[in-house]
Amino acid sequence: MSQQPTASHFINGAYVEDTSGTPIQVIFPATGEVIATVYAATPQIVDQAIEAARAAQKQWAKMSGTERGRVLRRAADIMRERNHELSVLETYDTGKPLQETLVADATSGADALEYFGGLAATLTGEHIPLGEDWVYTVREPLGVCVGIGAWNYPTQIACWKGAPALACGNAMIFKPSETTPLCALKVAEILIEAGLPAGLYNVVQGLGDVGASLVTDPRVDKVSLTGSVPTGRKVYSAAAAGMKHVTMELGGKSPLIVFDDADLDNAVGGAINGNFYASGQVCSNGTRVFVQKGIKDAFLKRLAERMQSAVIGDPLDEATNFGPMVSASQMDIVKGYIAKGLDEGARLVAGGGQLERDGFYLEPTVFADVTDDMTIAREEIFGPVMAVLDFEDEAEVIARANATDFGLSAGVFTRDLSRAHRVIGALEAGSCFINSYNDAPVEAPFGGVKASGVGRENSKEAIQHYSQVKSVYVRMGDVEAAF
Ligand code: NDP
């Protein structure tokens, strides 16, 4: 593997090793081979990272937005120049096909660095006239921000959290998922090379306990988690106890609704993107595919035809468009859901099995005739399992689509534009799509409602979550007092 990180942690501008922490083996999901070992952060390492971040942040906040932005934009350029090697590393870390990682990971991270680099100089306050007197506001950084990542997009998540945090004048400590610890280290390396002062972007490895120790530390001002709803509940309540700012990007069970009048191939394409990209390990996936009865047979037939062109194999081969699951344990979880689907009476129309080869490969799987009460229609599976449900009319499908605790994403395929906007308007979800699915440009806010989260990543919205406003009342005349 090219350009592997040289130690477990990145603190105060340099790699740091401490082999007294618990070893964490990094496994290439396509073969099951151990490709690296990192060591979980000890309390001393966590302390070192927090102190480095605190020391560096004050000076960074004093720099102009233009200067801060220049560093981020330089980092974006370096990431794009090294896209190939970063994509190879992402593929080793996650198992996602190189065909995907070349266009969706370091490139998306670079977009975030470029976008927030551009925004940094525009972060100003307001002038509020009050007759003779006036109020002005100042947008200030929060201080030390902690980012905790899931394993599906390790480079992207490290940048989606780091770029807005740094643009606003904060320092960041990022803890990657223990399953994919390598990529965030390269992000830290690139930021330093781009001129980021030491201490502003630190990476510490570890399991949930390391994340928890960061979240509860009184020196930390903000926590941004990408993870599951159960972890989100724990992290949110721990952060609340310390009155910290939070962003929670959590799981989903999103509806993708296909009306009879939809363009068939676009709807099938949307369902494929929304269920099988990254082997289905995408939080915003449209895993409940509601198909109106009149188009159901044609939809399933066309889906089956297009699934014939899935190329399942070595993710390092650019011809492969469907790779392994991230880990043996995730594969076992998904196999459990497939078994439940069969037990509860869903009709298996494609896939359903594990491939007979090394690594953690499952077939892309489709169940039809799924009903709302089945486990595979209610719980987040986080694997390549599409559930197709039938519906008759608009009001019915809106009610059923909303009958979930989750609210991350939703999509509608129809040629009727009024209906598209009406239905999207009625769906309880944060990130929605009309005649498309799973696009995530940095310019668009991303995040969920209900149990799927709090706050938004990307776009100008993210600035609200990495900064706070100071308001200053200025009196021009004399102070009147009661006595
Ligand atoms: P987890 O919730 O298991 O873990 C997320 C991160 O939190 C990991 O780094 C984990 O460490 C850490 N963690 C676990 N327990 C604690 C704790 N008590 N305090 C602090 N940190 C903790 O999620 P997965 O990694 O399994 O990722 C899959 C989930 O992420 C899915 O539910 C998916 O929907 C969601 N997700 C959401 C996205 C969004 O933007 N809305 C995007 C991508 C994924 P460790 O792994 O070492 O245990």
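Using N, Cα and C of the backbone, Cβ positions are placed for all residues, glycine too.
Note: TrEMBL annotation is automatic and uncurated.
Take the NAD(+) site that TrEMBL assigns to G149, A150, W151, K175, P176, S177, E178, G251, E380: the candidate from C159, C283 listed for it is C283.
Reduced to three states, the DSSP call for G149 (NAD(+) binding site) is coil. Counting other CB atoms no more than 10 Å from each candidate's CB, the recorded positions I27, C283 peak at C283. Ligand 1 lies under 6 Å from the Cβ of the following recorded positions, listed in sequence order from I27, D93, E178, E249, K450: E178, E249. Cβ neighbour count for E178 (NAD(+) binding site) (all protein chains, 10 Å cutoff from its Cβ): 19. Counting in whole angstrom, D93 (K(+) 1 binding site) lies 18 from C283 (active site, nucleophile) by their C-alpha atoms.
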